[in-house]
Amino acid sequence: MDSGEKRLNELGYKQELRREMTLFKTLAITFLSMAVFTGTPLYGASLRYAGPASLIWGWVVVTVFTWFVGIAMAEICSSFPTTGSLYFWAAHLAGPRWGPFASWCCAWLETIGLIAGIGAQALQFIILLATGNNKGGGYFASKGVFLGMCMGLAIIWAVLNTFALQVIAFLGVISIWWQVIGGLVVIIMLPLVARPTQPASYVFTHFETAPESTGVSSKPYAVILSVLLSNYCLYGYDTAAHLSEETRGADRSGPIAIISSIGIISLFGWAYNLALTFSIQDPNYLYDPNNETGGGLVPAQIIYDAFHRRYQSATGAVVFMCIIWGSFFFCGLSVTASAARVVSKTMKPVYAIHGFLYEKSEFS
């Protein structure tokens with residue numbers, strides 16, 4: 001008998017799902033839920049609130065506290081390797097008196113968070129897709145078209161998740177290599193292409209608020225808002241716990257996947273932010289509504305400026321943006337897979353996907 005299934009029997013929990021996932025596949029889907037490039041659309045706002053120093057060091061601070069949460073979650077996962085995980089944990093850890101209430105609160109908070117997460121990934125995907133040459137004209141979609149594209153993307157994720165888990169696992173393996181190789185290409189090549197680059201003093205020590213554009217005059221509050229980028233990126237590692245009942249040796253594989261995904265994303269995400277910040281050509285031009293991206297997506301403008309100044313061409317920038325675009329697609333697919341295991345309508349994840357799709361439609 002599998003060690004994870006044995007542990008479930010000790011808890012009096014009946015095994016219902018097939019254990020088809022290996023450690024690497026579980027890690028791939030968990031890593032995918034976090035994604036290296038998740039914070040791309042928020043980078044510009046974070047940089048503007050309090051400058052590069054707050055953005056860069058804020059990531060380090062959030063990473064430290066994320067490790068505390070992740071280690072605690074991994075420890076609990078080793079004892080309660082169940083699908084749905086968090087609300088099941090809450091029910092047992094809170095005791096017979098408060099367990100039902102704690103589980104109810106945890107389940108609803110997690111459900112709301114995942115609905116918002118699916119919508120956020122779809123929105124980011126479309127925002128990135130809409131980033132183009134502001135000076136070259138183009139098609140401006142209406143709100144209805146924009147919403148339709150978001151819904152279409154959510155439907156694609158839902159349809160893919162209705163296939164066997166092995167299909168999602170296969171896509172997860174593809175995605176982890178997409179993100180690792182693509183991430184290394186962007187992180188290494190972007191600063192090499194950018195000429196000139198920002199000095200280390202600007203990246204690590206420059207603190208600057210912009211109350212006239214952000215409306216925030218309080219420096220502590222500006223720093224808090226700046227750090228939200230890191231908070232948004234360093235989430236999703238609980239996906240490994242949601243897949244526990246479908247993972248071989250989940251009492252060991254689940255915790256390892258949680259810790260490993262946090263470690264990888266912590267390093268890759270920080271390196272990505274450093275690469276972007278070092279590669280800034282003109283900080284004042286990034287938010288200009290007349291620039292090539294209309295001042296709407298700062299990372300895209302940074303990448304465009306680097307390639308255009310060096311080669312007088314935006315081809316390399318388009319390639320880099322496609323890498324990031326693919327990352328968002330895979331991330332949304334994984335978040336949908338995780339959501340289906342939190343709310344298991346009729347006890348089958350496939351039906352829960354349609355429930356989340358409906359809720360996401362109402363949310364949009």
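Placement of Cβ uses the backbone N, Cα and C atoms for every residue, glycine included.
Database features, via TrEMBL:
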TRANSMEM  21-44  transmembrane segment
TRANSMEM  56-89  transmembrane segment
TRANSMEM  101-127  transmembrane segment
TRANSMEM  139-160  transmembrane segment
TRANSMEM  167-194  transmembrane segment
TRANSMEM  220-237  transmembrane segment
TRANSMEM  258-280  transmembrane segment
TRANSMEM  317-340  transmembrane segment
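For the transmembrane segment (220-237), the neighbouring stretch richest in Cβ pairs under 8 Å, chosen from 139-160, 167-194, 317-340, is 317-340. 258-280 is the stretch from 56-89, 101-127, 258-280 with the greatest number of Cβ pairs below 8 Å to the transmembrane segment (167-194). Contact between the transmembrane segment (21-44) and the transmembrane segment (258-280) holds: at least three of their C-beta pairs are under 8 Å, each pair 6 or more apart in sequence.
Between the transmembrane segment (317-340) and the stretches 56-89, 101-127, 139-160, 258-280, the greatest number of Cβ pairs separated by less than 8 Å involves 101-127. The stretch from 56-89, 101-127, 139-160 that makes the most Cβ contacts under 8 Å with the transmembrane segment (258-280) is 56-89. Residues 4, 7-8, 11, 13, 16-17, 46, 103-104, 106-107, 110, 203-204, 223, 226-227, 229-231, 233-234, 237-238, 240-247, 250-252, 254-256, 258-259, 262, 266, 269-270, 273-274, 277, 341-342, 344 of the same chain lie 6 or more positions beyond the ends of the transmembrane segment (56-89) yet place their CB under 8 Å from a CB of it.
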